[in-house]
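Record features, source TrEMBL:
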DOMAIN    4-191  domain 'L-asparaginase N-terminal'
ACT_SITE  Thr13  active site, O-isoaspartyl threonine intermediate
BINDING   Ser57, Thr89, Asp90  substrate binding site
DOMAIN    211-312  domain 'Asparaginase/glutaminase C-terminal'
Amino acid sequence: MKPRVQIIALGGTIACTPDSAGSGVAPGLTGADLVAAVPQLAALADVEARNLSNVPSTEIGLPLVIELAAAIRAHEDQGAAGIVVTQGTDTIEETAFLLHLLHRGAIPVVVTGAMRNPSVPGADGAANLFAAVACAADLQCRDLGVMVAFDDVIHPAAWVQKRDTSSTGAFWSPAPLGWMAEGRPALYARPPRGATFDPAPDAALPFVPILKPGLSDPPLLVEAALAAGAAGLVLDLAGGGHVLSSWLEPLTDAARRVPVIFSSRTRGGRVLSRTYGQVGGEIDLLKRGLRGSGDLDALKARLVLMLALMTGAPERFDRFTDLSWRSGADARGTDDPDNTSTGRL
């Protein structure tokens, strides 16, 4: 008996069709259309498809992803062996990671899309969809949380980043889970599952902006963000987490009022904590009450902080910043025996 894989389509380039006026492409194909275009899927699984939306990925927000996570739980309860989510690539690194923070089940959830729409030569959507279904149907992909299957590479949602505007190899991670080989996933890494969040359906959506100061930028945005009602701030800083000295007083004041997280705009490597002691260095920031994002880039740090705020536990942000696999055995919070809102990713 073949496993049952549920495809949940959200739109994006993989579902785009040309505009009749010749003014580009826009999402128009349904999940059923995507399945019909890849008959080889039938050899992998019994595939069912549904649409939860049909929009560009920039229109996907936290409420839709929370709804998606609930739909995934329902499909798992109904016997689905795996889930494939198709969407636009612009925000995959955010939505996949957000799903990873929300998905508590054992079944694999695989996010994919396309860089080339179906009407152009070399369209990659069919191959990516095949790879995603192959992963979702494979038992070895269970208990890994959420992954991204793209261009024959299988990325962990906690690490994946989009690094190119148009290349079919746009997605990157420092430690892929594996690769597709002859139509099957070959996994070479198996990080332990971590904690998840379970926000209430009616939880208010906190305003958490990302501030990215450049050379000689004044700190006006710090106070402006707080005045606009920011419940937290994420700073995308130079190097290992360093900021202009003119920002220090406003940031120190902000950290007394809301959580202030600093990350590295390099988007690679861990934010430092005990190397640079100059004014505005990471040691100085930590002494002023700011908190480092660890392994998280600014986009991912923002999502963790938002969910921590939505669940009323902003102090637990720090327990989600270590993505090293060695941390999996002992990072759960002792105050959270059900592992629902603390621990590693």
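Numbers here mean position along the shown chain, with the first residue as 1.
Cβ atoms are placed via backbone N, Cα and C, with glycine included.
TrEMBL labels come from automatic prediction, so no person has curated them.
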Discussion item. Name them in sequence order: residues not among Ser57, Thr89, Asp90 whose Cβ is within 8 Å of the mean position of the Cβ atoms defining the substrate site.
Written reply: Gly12, Thr13, Pro56, Thr58, Gln87, Gly88, Thr91, Ile92, Gly113, Lys162
Discussion item. Suppose we draw a 10 Å sphere around the Cβ of Ser57 (substrate binding site). How many other Cβ atoms does it contain, all chains included?
Written reply: 20
Worksheet item: Cα distance, Thr13 (active site, O-isoaspartyl threonine intermediate) to Asp90 (substrate binding site), nearest Å?
Response: 9
Worksheet, complete the sentence: Restricted to the domain 'Asparaginase/glutaminase C-terminal' (211-312), the mean pLDDT of the model is 98
Worksheet entry | Recorded substrate binding residues, Ser57, Thr89, Asp90 - maximal Cα separation rounded to whole Å | 7
Fill in: CB contacts for Thr13 (active site, O-isoaspartyl threonine intermediate) [other CB atoms within 10 A, all chains]
24
